[in-house]
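As recorded in Swiss-Prot:
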TRANSMEM  20-40  transmembrane segment
TRANSMEM  43-63  transmembrane segment
TRANSMEM  66-86  transmembrane segment
TRANSMEM  88-108  transmembrane segment
ACT_SITE  315  active site
TRANSMEM  341-361  transmembrane segment
ACT_SITE  351  active site
TRANSMEM  396-416  transmembrane segment
TRANSMEM  431-451  transmembrane segment
MOTIF     470-473  motif 'Di-lysine motif'
């Protein structure tokens, strides 16, 4: 029995999970090595260091399955160097990377969340698809690009070593964060260094802060796993509870389960800050900003009271990819709802084949649509905006919003967190399919009624016609 196996027995954690955690924690000493010995070396030397370390981490976690990222690196090189700027390159990227991932899901799909080579490969999939799209943008005329595309467009094709380093960078190859090649190049070129060309010491405190926050979330998640195990929702003890308490326990379990993602992102971000990748320029006062690869905005995630706050605070890297590389490129559809549906379907497919993934994103779509319709009603109804803007109203609005998104997301996450239909169908039935009923039956009907019965601001008087103005003059 190896060291990891012994630790697995002592901690009751799976060996695969321990290997992943050790690899993520290794990002801190590796960051120290980079900022001590490699930060001012030529790009090729840094790339070689990243490739060697990244392959080692993959082998430590996945063994011979390291062949999968290697094949994808060669695929990315071929597409970006021999198909750059063509529509075919976008199709090829999805066939080569997303297709590769989906085949992996097909052969490794089980009833639980298993950590296999597909776990880190899903990160590489989006990174390389984004790379191909950025190279595609770089081949277009600048005047045809949107502002966000100009920031990430790559006009000079990356070489094989740079692509390998980009995909295998030790602080992003296993659990994220997502970042673009332009961001990676800025880091390798030393744009994050201080005026003396040295790694800024201002990275230390933010790095430690994110690490400690990640550890806190990890402890809370582990405590939650023992307190509310997944099996509880198919037990007699759960089914004998009242409807309110069944839904409340689901909501609490959802929050505690999400903390494992929060923990890994925060710990990884801390290491990214220490290495310099997290540098994001300077603020208005000239201080270094270290939120360049932020995946979790803690305060907004914990205190936000609408669905916008969730999207803006949680899994920011993937959400940014979806916004810039999928949603905004669907402008030709000329329909915001259709673009939203396509984007969420894309993310569901990226997660895998389980029905629950698609239902989760479906409920999310219903929630966001209901929120947008409610906001539109508030804006058009006289006195409503004024009433909720009063200080005395704010606490009640926050409580209502926080409970609404927490309970709605808790219901939806049942179908994601319990994975297999045979595990989540019982708990969903016990909640009487409440999320689907509210957002796809009750609210649409109520919205149509409110549109007809609520008063609205009077339309502004039409501007006088030029001819009429002349007559009056």
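Using the three backbone atoms N, Cα and C, a Cβ is placed for every residue, glycine included.
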What residues, ordered by sequence, lie under 8 A Cβ-to-Cβ from residue 351 (active site) and sit at least six positions away in the same chain?
122, 357
Quick test of the contact rule: Cβ under 8 Å, at least six residues beyond the ends. What residues does that give for the transmembrane segment (396-416)?
233, 247-248, 250-255, 257-258, 303-307, 309-310, 355-357, 359-360, 363-364, 367, 388, 424, 427-428, 431, 434-435, 438-439
Could you pull out which residues elsewhere in the chain have a CB under 8 Å from any CB of the transmembrane segment (20-40), counting only those six or more residues past its ends?
4, 13, 46, 49, 53, 57, 60-61, 115, 119, 170-171, 174-175, 190, 193, 197, 199, 207, 211, 264, 267-268, 270-272, 274-276
State the residues, same chain only, that lie 6 or more residues beyond the ends of the transmembrane segment (341-361) and have a CB under 8 A from a CB inside it; answer 'none' if no residue qualifies.
98, 101-102, 105-106, 109, 122, 125-126, 318, 322, 326-327, 330, 333, 412-416, 418-421, 424
Within 10 Å of the Cβ of residue 315 (active site), how many other Cβ atoms can you find? Include all protein chains, please.
22
Limited to the motif 'Di-lysine motif' (470-473), I'd like the whole-number average of pLDDT.
39
